[in-house]
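This report refers to the structure that appears directly beneath it.
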């Protein structure tokens, strides 16, 4: 079986469609990865996540290292066996969550010392420890350890942060390669940094390319800069990365973010939005998002989305979903989460088909017309 390969099947402008082959299966691109923070995609069984069309899910190093602990997961047979998911898993490095603990962490060249949000216990997360945790979890796609600075900081601060992330990338590469059997069946992605600065992004991309990775992530976006600034950065950042490797935009995003990023050459995405929104009563549809707590749905016997074939849309009315969310019933969160994941996977499938058929521009225009019609 192939450890890791990426083949581009078709392009349309900057948009690409293809497939990643790994030992645990194929990942069709552009791909959206549901987020399974604590070894679960919230409110979903793994078989239902797969039924939605997901080829790969994301696990969170920070949360899993604290509870139940990477060593315990390893003793229990690894993350796949632990949660019952037999397809590829990408794990983040833990860096983003640790950096967000601004009052509870200290950054040095060695790594980041932080206090657990659970019990206050002290931990050091370094490139080497991050690689060890992801190996213990049994991740298929491992992410380098990096720092994600705020985009509104001075250029010299962002430059110093990026340069340290590149040194950490080298250490991540070395530690990953020393991982024995796990390194022989998994892949390692580097993470480009540099905030919104084209020159810093180019320096970062060149440093990562010199080290060499199976894929490349675009980090440091979707952290409050806004869609306009994000798209302006994506006008150049993906093209700075190797064209023959997958490009992964971390933490993105809203449906229109995904379309705009694919338009600019991105292949992979993850975001908590479809699951978190589902728990909070928001449904994504081809005609824009719906707030199912709104009284206008109270007697609506129609489905969430007439174009959606998901179990929620084929079995339940808007009125029933409104009732569940107004009543605080957990089934409401489950049904909207299931629908949202189906919607995201249908969006990705639609983009893949449109790119393959050379009609992506028309697909994107039609999507925006309908999605923003309200």
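One-based numbering along the chain as shown.
Using N, Cα and C of the backbone, Cβ positions are placed for all residues, glycine too.
The substrate binding site feature in Swiss-Prot is assigned to 92, 93, 94, 95, 96, 146, 193, 220; the stated evidence is sequence analysis. The C-beta environment of residue 95 (substrate binding site), restricted to residues of the same chain at least 6 apart in sequence and closer than 8 Å, consists of 112, 125, 130, 145, 146, 147, 148.
Residue 92 (substrate binding site) counts 31 other C-beta atoms within 10 Å of its own C-beta, drawing on all protein chains shown. Under the heading active site, proton acceptor, Swiss-Prot lists 92.
Among the features that Swiss-Prot reports, region 'RNA binding' is placed at 251-257 (among others), with the record citing sequence analysis. Through the fold, the region 'RNA binding' (251-257) approaches residues 96, 221-223, 227, 230, 269-271, 273, 284, 343-344, 347, 367-368, 371-372 of its own chain, all at least 6 residues removed from its boundaries and within a Cβ separation under 8 Å.
The feature active site, nucleophile is assigned by Swiss-Prot to 270. Residue environment of residue 270 (active site, nucleophile) contains 23 other Cβ atoms, counted within 10 Å of its Cβ in all protein chains.
Mapped onto DSSP helix, strand and coil, the region 'RNA binding' (275-279) counts 5 helix, 0 strand, 0 coil. Per Swiss-Prot, region 'RNA binding' is recorded for 275-279 (among others).
Under DSSP, residue 308 (Zn(2+) binding site) is assigned to coil, being neither helix nor strand in the three-state scheme. For 308, 310, 313, 339, the entry in Swiss-Prot reads Zn(2+) binding site, with the evidence type sequence analysis.
Using DSSP to sort the residues of the region 'RNA binding' (251-257) gives these counts of helix, strand and coil: 3 helix, 0 strand, 4 coil. Among the binding-site residues 193, 220, 310, 339, no residue is found with its Cα located within 10 Å of the Cα of residue 270 (active site, nucleophile).
Fewest other C-beta atoms within 10 Å: among the binding-site residues 308, 310, 313, that description fits 308.
Around the Cβ of residue 193 (substrate binding site), a 10 Å sphere holds 31 further Cβ atoms from the protein chains shown. Counted within 10 Å of its Cβ, the other Cβ atoms near residue 146 (substrate binding site) come to 30, all protein chains included.
Residue 96 (substrate binding site) carries a helical DSSP state (H, G or I).
In terms of C-alpha distance, the listed binding-site residues 92, 93, 94, 96, 193 place 92 closest to residue 310 (Zn(2+) binding site).
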